[in-house]
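Chemist: The following block contains the structure, expressed as structure tokens.
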Amino acid sequence: MGCTRGWRLLLLLGLVCVGALQGRGQEESREVSLQYNPGSSDTSVNVVHVRAVGNGSTIHYVWSTIGTPTVLLIFTHSETSQLQVNWTKLLSPAPQGALRIEPAESVSYATALLFTRIFEYQDVNNTANFSGTDEKYFYPAYNLSDFLWDSANATINATSLSANLTGYNASDPTDSFHNGSVSFRISAYSSSGRDSSSPRLRHTANCTKLEFLVAGVRPRGNNSRFALEMVTIEKEGRKKMESVHSIDDEYTPTIFEMMQLVPDAPNSSHARGFLQWKSVAYGSPSGTRADILPCQLHPLRPFNTTFPAGSIAHAYFGDDLADAYKLEAFNISFGIADGDFYDKNRFLSWSALIGYGEPPRDSFSILVICIMAVALGTPLLLLIVGTLVVTALRHKVYSNYEPIN
């Protein structure tokens with residue numbers, strides 16, 4: 001009886017492991033292309049178009065540093081939908097309607113994320129309490145719409161599906177950007193997998209990665225910390241924050257939390273866009289455990305500030321952007337109480353995924369699955385072998401028994 005039960009448990013464990021490994025190979029893939037300034041040879045402005053085709057649909061990601069740095073996510077239920085750009089209108093003071101998807105009726109969902117400001121504050125007590133810091137300790141915020149941006153043309157890599165958007169605050173009177181910059185590194189994916197660089201985010205073909213970098217910028221104080229302000233756009237309903245916890249910290253030691261920003265639309269008949277990240281940033285390019293900087297998400301709030309009308313959000317959504325859509329702002333601050341300040345390495349890196357559908361779920365690696373299988377399977381195997389040995393010995397004893405007359 002015990003032997004049969006042990007075999008069943010061992011068989012069940014094997015099926016679970018095989019199922020977990022097979023499940024990794026059944027995830028969808030897309031044909032992904034990356035194009036710089038489609039339809040224009042002008043390299044003084046940046047529009048990067050990522051087109052991901054497959055499964056009867058197309059996901060368009062449009063990144064740009066025109067006006068406020070922005071990424072558009074547009075989902076269509078057609079594999080032939082195309083981005084059309086009216087460059088004359090896009091570069092004019094009234095860009096509304098300069099970006100569109102053809103055929104227009106194929107669009108089933110569109111959203112945008114704008115990167116508006118970088119805050120720098122003096123953490124005099126080393127508490128990393130961004131929201132609780134008095135206003136007098138804040139330096140003037142960096143408005144990213146005022147930055148000058150390098151041409152991304154030389155950074156476009158059609159093979160690795162990546163590009164860099166790098167900018168400087170040329171009007172800063174403190175000359176903090178003399179040897180420094182702010183960058184957005186873009187990476188697209190044609191299939192599921194996991195990044196090789198920290199924080200080793202798990203991705204699917206339905207998302208792209210954003211890496212926000214502050215490198216070499218001279219802080220305006222010895223105990224400076226930073227925060228990034230972003231604005232989301234949603235037509236139906238608002239956004240909501242979700243915290244997803246895991247028991248596994250294999251890829252990001254000591255970090256067990258994944259944060260997600262998703263639409264709060266429980267009655268929606270179709271999927272929506274998402275922003276997902278681990279609650280961690282890094283204070284060094286090496287991205288090791290010693291470089292970890294926990295990051296904190298601050299509550300969503302209505303965005304009532306008028307941002308420059310030159311962004312691609314205006315170019316796509318049009319004049320009714322503020323009236324017909326929900327605009328919400330939120331901040332992510334970087335640092336931990338009693339931790340190192342930015343000035344130590346003058347480097348900050350934070351990564352997130354922007355995508356459509358269900359956010360990727362973190363999972364155990366094949367190595368961990370094998371270790372678990374060995375750890376759980378070995379005792380079962382020993383139990384089975386032990387049961388067989390004991391049964392065999394008992395049978396031998398009984399077979400050699402000779403009754404005494």
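Including glycine, each Cβ sits where the backbone N, Cα and C put it.
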Chemist: Given 126-130, 241-245, 396-400, 401-405, which one carries Swiss-Prot's motif 'Lysosomal targeting motif' label?
Modeler: 401-405
Chemist: Out of Asn55, Asn157, Asn304, the glycosylation sites in the record, which is closest to Asn222 (N-linked glycosylation site) when you go by Cα distance?
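Modeler: Nearest candidate: Asn304.
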Chemist: Calculate the per-residue pLDDT averaged over the motif 'Lysosomal targeting motif' (401-405) and state the result as an integer.
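Modeler: Across the motif 'Lysosomal targeting motif' (401-405), the average pLDDT comes out at 56.
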Chemist: In this structure, which of the glycosylation sites Asn86, Asn143, Asn153, Asn179 has the fewest other Cβ atoms within 10 Å of its Cβ?
Modeler: Asn179
Chemist: By the DSSP assignment reduced to helix, strand and coil, which category contains Asn153 (N-linked glycosylation site)?
Modeler: helix
Chemist: Measure the Cβ-based neighbour count of Asn222 (N-linked glycosylation site), defined as the other Cβ atoms within 10 Å of its Cβ.
Modeler: 9
